[in-house]
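K.L.:
Reproduced below are the annotations present in TrEMBL:
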{"type": "DOMAIN", "residues": "20-145", "note": "domain 'FAD/NAD(P)-binding'"}
{"type": "DOMAIN", "residues": "261-352", "note": "domain 'FAD/NAD(P)-binding'"}
{"type": "DOMAIN", "residues": "382-447", "note": "domain 'NADH-rubredoxin oxidoreductase C-terminal'"}
Amino acid sequence: KLAVEFPSEDIFLMTASPVIKAVTNFKQVSKTLEEFDVEEQPSSLLEKRYPNIKVIQSAVKQLKSDEHKIITEDGNEYVYEKLCLCAGAKPKLIFEGNPYVLGIRDTDSAKAFQKNLAQADRIVVVGNGGIALELVYEIEGCEVIWAIKDKAIGNTFFDAGAAEFLIPKLTADKRDTPIECKRTKYAMEGSENKAAPDKLGSALGPDWHEGLHLRGTKEFSHKVHLEILCEVKKIHLQQEFIQLQRTSLAFPKEEENAEPDDVLWPVYVELTNGKIYGCNFIVSATGVVPNIKPFLDGNHFAVGEDGGLKVDHHMHTSLPDIYAAGDICTASWEPSPVWHQMRLWTQARQMGWYAAKCMAADAVGESIDLDFCFELFAHVTKFFNYKVVVLGKYNAQGLGLDHELMLRCTKGQEYVKVVMQNGRMMGAVLIGETDLEETFENLILNQMDLSAYGEDLLNPDIDIEDYFD
């Protein structure tokens, strides 16, 4: 976007990675919903397409904001007129530096996971967001102990009802084989072994597990045991565990209490509910923290409560000529009543595009309105092979007790939930091929009073799309 806005200016893209993430197969599904794939491409493709872009492959060592200068790891200095920080976020690991704890955030960590899984009989997955959900669903031939701190799975995206709808899919044999992965992986020759584990990769795209062969050593398909309302208290290595002389549990069978385990495992996880399970390794899928550390030294950025760089409605940080977009930033303007920030690919793309527009407008002293994509939170994804659309305050975020929910559910087919407040639709969760996303998007955006329709709003015999066309 910057290359188009400033055709005669030099645009530098600094990245620690030899590849760039490109958005491909972009499709505008509705006013606010968009679908796309994320592909890794060699940076030379970007330079070929836009002659004024130069990609500098080096991590940033220091930002000197008062001198408008960036120093890279390789010792070079670059002076900027305007700077946008898009350094994303890094996985929030439950225990740093433990060789048995794997964080999954980028394609390289997904590869490491796949390699470990091939030799695994049992793993423990900790976390309850999108990556944990997909992971647990995709793993075959390996026992999975899934520890979540909530009552129900996927609470980032769903409520308990939607979780109940999805749970049967965890035990069912998977029927649809995903098509071969379209994504190509570029890496520098010989970089396979040199990549230090703490090097930051770029975040996974929405279809990251396709084409990865996620299979353990066992013959069965799915075996998942859910431990709810708990977190990891401690991790014991095998030696420590033997010295503790405590009992670990075998994989629980249907409805029975778990028996003591007679297998010796490389590592043991002690949960806050008092249970201990042995496993081959632990996957930490517990979200991300904004990657602001490289830029803090000597710069007085205003930082949000969630650890991101605060930006105003023009994506401007608290320092002159420095903008931020994506996972690294915290939206600090007064948001629309049905939009909230979530560290997702869709928002990263929108913020990056809008930040470039703001940088261009500021450069020529024009004023610019907040982009329409910030009017309504809208995200489309896939879980357990179902299409999932979430709109607005889909989990009644911040609405207090003064709201009501309406549900429609056809087992194994669709799940529809809307969040209503004072007769107006504030949010929705749609799982399956419901075809309701555009209608609901419009109803949330125009805040029409729907109290007259009552329960009929979700009546399957009434064609609601035609009704509100």
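Glycine is treated like the rest: Cβ placed from N, Cα and C.
Bear in mind that the values here come from a model prediction, so they are computed numbers and not experimental data.
Are these features on the surface or tucked inside, and what are their neighbours?
P.N.:
Mean predicted confidence for the domain 'FAD/NAD(P)-binding' (20-145): the pLDDT average there is 88.
For the domain 'FAD/NAD(P)-binding' (261-352), residue counts in helix, strand and coil come to 15 helix, 27 strand, 50 coil, using DSSP.
The helix, strand and coil residue counts that DSSP assigns across the domain 'NADH-rubredoxin oxidoreductase C-terminal' (382-447) are 10 helix, 32 strand, 24 coil.
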K.L.:
Of the residues in the domain 'FAD/NAD(P)-binding' (20-145), how many are helix, strand and coil by DSSP?
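P.N.:
Counting residues by DSSP class gives 30 helix, 54 strand, 42 coil.
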